[in-house]
Each structure stands twice: as structure tokens, then as C-alpha cells.
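One structure below.
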Amino acid sequence: MARRAASADLDSLDLDSLGDQEPGAAEKGGSDDAFESGVAEFRELVLSAGAEIAAEVQQRRGRADAATLIGSGKVEEVRAVAESSHADVIVFGQNLTPTQLRNLENALPGRVIDRTQLILDIFARHARTREGMLQVELAQLEYMLPRLTGRGREMSRLGGGIGTRGPGETQLETDRRRIQRRISTLKGELESVRRIRSQQRQRREAVPVPTVALVGYTNAGKSTLFNALTGAGVLASSRMFATLDPKLRAIVLPSRRKVLLSDTVGFIRDLPPTLISSFRATLEEVQKAEVLLHVQDCSSATREEHRAEVKHVLAELGAGDKPQIEVLNKVDLLSPEEQEGLRSGHGRPMAISARTGMGLEDLLERIDEALQADPMVEARLRVPQSEGEVIAAIEAGGVIRNREFEGNLVFLKVSAPASLIGRFRRFATLPK
């Protein structure tokens, strides 16, 4: 539960009512650690939405109540706590069915939103590009469409804030047909954006510069690592989903190979299917990458659970079999004994600190090693000055060590991937 915020961009805050178990979960023997981990993660989600938590109501039950998720007795408890804490919004840690949402809105004094809507709200806060904003609005409308009953009445009572970003009050009060038309329009606009993205990717692929994608659970430190390796200055925040729109920057490895480093949106437990679908184009950077850096917060007690969740999402994206380097970040928060234990783990994990720079040189060498299927080679080329595209391709994918001009020819001494040199073998000259 939350009180009103001092933050200027937030008009109302939240009541956190947690029904954080799936039907039958208690009967399956869910551990106390797993439950507490879920509670802590949910608190962080609420805070990442810009909210102040005023109170919590927790519940562990064997089966979800079909009408209200938490049962009539618990509904009364939540209502009493919401009223006493003057909460504006009640946030559930589970997803609610349309029936449950309608019944809870009728029974409780504040606006009711569920886990997926909370995550969508956070995404709406961080979308900056046109594609990102279109994706968020599409995901919100598709999720809201079957849940329209009663929403207009609740929306009219709030001036904005958590659960109200993206599609506005008027939008959500329109009939199903109008929202369906808007969904159709958004899909068309996104398709246009995706065609442009596809064309840009095809131009990139014309010059064989490999892509290395950062993946990982939200708040594992991907953006901090991206900044440390590229100096790009991308927003790095302790809040969840600070990075929404993908970022691409070129870096040079110790072998002088150039690669593109991609920073992508973080994953999370029970990532809403509407988000995976809407953000599929963004996640194509993961699908197209030659190597994945699976960034993990090694100081987290739930690292193994988060690792498994990321593996699951990668498999859903069709990227589960891609070469991966496990990057154990935030090693500076561990004792020397704990650090040594990490290095002896399976799969040759790389223990680093993106914040201090510890282990980053070793990580770059490891990326080099992972890309050795296309080794860097030295070559001498004799290229007509009219072949500017050839010279540009060499500069983009490799390193020109020496350049000399003779008439209309350019003599180049280069270091580049073997595949790139192979494309221009007709310009090769014998070593002097």
C-alpha cells in the first residue's frame, strides 16, 4: 500500500496486496526462501514504478479463489488496510483474470492493478524511442481489452500515476471496437518500424561485424557493463527495467577485431506473454547475435533461479543454443573466498565488476576466443580509389594498419576477420 508521493511526476501511490502463489503451489512444497524472494522482487517492481509502499498484505494459499484470487476474508482485510493507510492503488503480485479484476474493483476502495499491468507501467516510464512507445501501448491495450469492464469508472477517479501511463483515460473508456482499431493501427505502424530495422540490420550484415548481446535478469548490471565496455553513458539504474530500448555500440577487442555490443531489456520471472510478443522485434538483437553475454548478479541469493529464468526465456526466443559466456557481475560485493568459489564454477564463468572494472580485460579476451571460428588475419590489399565501398567495409569490420597512395590505387595493410578478407581476395597482393 502506498501514500501520496512527493515526486512531481506521480500523483498517486500504491497498496501492495500480495497473492504470490499459483494454484496448487503450496501443495507442491514451495520454499520459504522462494516466497520471500518473490515478495522482495515484487516490492522492487512497485518501487521501480515510482511508488512508495505504505503497507503490505501477504497470503500463502494452496489454491487461488476463482472469484477474487485471495478469498472473501482476505479481501475484507485488504479493504480495511487500504482504507486505514489511505492507499490510492492496490497492486497484486499475481495476474488477475477479468472476473477477479472486476470483483476486486467492486470490493476495494482503490484502483486495482495486477503484476502484468505493473510491469507494463514500468515499461511505459522508460520507453524513449518511437518503437518502444508503440510496443508498450500495444501490449497495454492487448492486455486491457478483455479487462475493460469497470475500468472507465476507476480511471475517472484518478489523475494519473501508477497503472495509468500509456493509453490515456479517454482511450480506456472507449468501446472494444475502437480499441481494436487502435491495436490494428499500432500493429501496422510497428510493422513499418520493423521493416526499417530489418533494412538497417541487412546493411550491417553486409559488412561481417559480429554482434555480442548482453542478456540477463533485470537489474543484473547489464547497462553498467555496457557503459564500462563502450563508454556510451547509457542510463544505468538500480531500478528494474531502466533499459527498454536496445542500444548498439562498436567496441574493439584485444585482437583488434571490431564487434557490435548490444544492451537489451532485462528478463524477469513470469515475463508477460504480451510483452514477449510485442517486443519480439527488439529481442531480435538477441536472436541475431553471434555470442551472448549472460550477465548475472553474483551477490544475489536468487542468482540460480534468475539464471534458470533467463535460460527459459532464451529458449522461448529460439536463442537457447547460442554460444554464451556467463558473466558473474558485482564480484566486488563478495569476500575473497566467495570470489574464488565463483571462478571454480562450471562453464568457465567470468567473475567481474562492471562498477570497478575488475575482470573486464579478461572478459574481452574471452569474447575474442568465442569468435575464433572467424579468426583475425593480416593481409595486403591493392584497391582502386573508385572502390570506396570496399575500403569502407574494411574500416568497418577490421583495422587498416597502413595506407599508401599510388596513382588511382590505395595500398592497404589490414587486420580483419578471415571472412571479410575472403570477400575481397581479388584485391589481395603478395607480401613484400
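Every residue, even glycine, has its Cβ placed from backbone N, Cα and C.
Feature annotation from Swiss-Prot assigns region 'Disordered' to 1-33 (among others).
According to Swiss-Prot, the compositional bias 'Low complexity' annotation covers 1-10.
For 154-173 (among others), the entry in Swiss-Prot reads region 'Disordered'.
Annotation source Swiss-Prot lists domain 'Hflx-type G' at 210-375, citing sequence analysis.
Reduced to three states, the DSSP call for S223 (Mg(2+) binding site) is helix. Packing around S223 (Mg(2+) binding site) is summarised by its Cβ count: 22 other Cβ atoms lie within 10 angstroms of its Cβ, all protein chains included. The feature GTP binding site is assigned by Swiss-Prot to 216-223, 241-245, 263-266, 329-332, 353-355, with sequence analysis given as support.
If you look up Swiss-Prot, you'll see S223, T243 marked as Mg(2+) binding site, on the strength of sequence analysis.
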Local backbone state of G216 (GTP binding site), from DSSP in three classes: strand
K330 (GTP binding site): secondary structure state under DSSP, collapsed to three categories: coil
For N219 (GTP binding site), the number of other Cβ atoms found within 10 Å of its own Cβ: 21
